[in-house]
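Worksheet: one structure, shown below.
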Amino acid sequence: MTVVIGFEGSANKIGIGIIKDGEVLSNPRRTYITPPGQGFMPSDTARHHRAVILTVLKEALEQAGLKPADIDCVAYTKGPGIGAPLVSVAPVARTVAQLWGKPLLGVNHCIGHIEMGRLITQGNNPTVLYVSGRNTQGGLVIAYSERRYRIFGETIDIAVGNCLDRFARVIKISNDPSPGYNIEQMAKKGTQYVELPYTVKGMDVSFSGILSHIEEASHKMLNSGQCAAEDLCFSLQETVFSMLVEITERAMAHCGSQEVLIVGGVGCNMRLQEMMGVMCKERGAKLFATDERFCIDNGAMIAQAGWEMFRAGQVTELEDSWITQRYRTDEVEVTWRD
Amino acid sequence: SASSPLTGSASSYPETSFSKKHNKHDGGDRRRKKPRNGPTGALSVYVPFPSPREAAIALRSLSPDREPRKGGISKHLALTGSTLSVRWRADEARILRVSVTSFLDHLALVMETMEMFGPPVAL
């Protein structure tokens, strides 16, 4: 029996979760939400996390019905992410690991998503689409091969979630519960399709050009009444999701894969799941996705990746436990899989 | 006392190392040059803990992460018995202030954590 506690706070969500041999015992989380039109700034986000982290930690232990002595390992997000919040969460993980006399494990955030996706959906060896707001990592097509999560395609500039979030700021919609969720609801009411640039570059995608285009177009078109904000939300989703489906399909063809797993915050989007589902059906492939408990950043996913790493014999020494804003998924040696 | 080129009259403020460095008004290169005499900001903070072990826990929780700023600041943590000492050297007061404030926020969080979940288990 192995029990791992995981700390996640690399963006605006702070979550702490506990996993025991594939069972999620607790997974409390808090989100730092800013007013419409504003993104979350690093130091404000860090301040939010510092204010609530110990409360969330107590909740995690209480909801799991565990004492610190029951924990075998303390996992935390080493990166990638935003520096200030990362650096506000890691010291708490380090402190409790030392207080409780437990080994520490630094986890790659993206791998946390993948391992939780694998646990929940029990996919055999899916092509993974990681979609989030996380810059440099928020539009990644990954396939496992020989001890690495290899990156087959990625965004060459901003994350797809970042593109959606920044457009949400332009049209000043609420960030509660998340800008992406509100874009999705508005998109459902869209009635016309507005042509936007479509930028797939081989195996990769680019979103910053689409963002600049739609920012400019929205000012012109909304002011002149040519279209409604709902139409722009609809068009943006259709465009960026089609691009992601295309590069996922390309990776599947390359790997001969018959399964797709969508992870990351944008993976909550039902339209993306629907479009990916259509492509999968055409290929006779299976689609796996998780719900908002696990799509959105959470502590249990870090605990799950930590569980795999710990059982494979990995440990992070305190001196090596520094956080890093950049941390590619393919840098990690996946020793827990063949 | 220093003379202000704007008013042409003598300034009533005493000339300090700060004003000497920043009020040159030489009309030439306005970019701030690195001071030739070394860092202009230094601070030492001493934090007492109930035991050497707890001071060591705090040090090992706070030392792994690098300063976000690449240059112009250095920070050194050390242990003396039950006291954690932190020593900063910085090129500018502003850089020093940012680093110290951030460190104190994280130190407070570590100490709160130790209070809530301590004392450390027997080794």
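Cβ coordinates come from backbone N, Cα and C, glycine included.
TrEMBL: automatically predicted annotations, no manual curation.
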Check your understanding: Can you pick which of A:D231, A:D291, A:D297 TrEMBL lists for the same divalent metal cation site as A:H109, A:H113, A:Y130?
Key -> A:D297
Practice item. Check TrEMBL: it lists A:D165, A:G180, A:E184 as binding substrate. Then name which of A:N12, A:N27, A:N269, A:N298 it lists for that same site. Key: A:N269
Check your understanding: Taking the centroid of the Cβ atoms of A:D165, A:G180, A:E184, A:N269 (substrate site), which other same-chain residues have Cβ within 8 Å of it?
Key -> A:G161, A:L164, A:A168, A:S178, A:P179, A:Y181, A:N182, A:I183, A:Q237, A:G265, A:V266, A:C268
Study note, to complete from the structure: What DSSP gives for A:Y130 (divalent metal cation binding site), in three states, is strand
Point to revise | Distance from A:N269 (substrate binding site) back to A:H109 (divalent metal cation binding site), taken between C-alpha atoms, in Å | key: 20
Point to revise | Residue among binding-site residues A:H109, A:H113 with least C-beta crowding, 10 angstrom cut-off | key: A:H109
**Study point:** Fewest Cβ neighbours within 10 Å, where candidates are the binding-site residues A:D165, A:D297
**Key:** A:D165
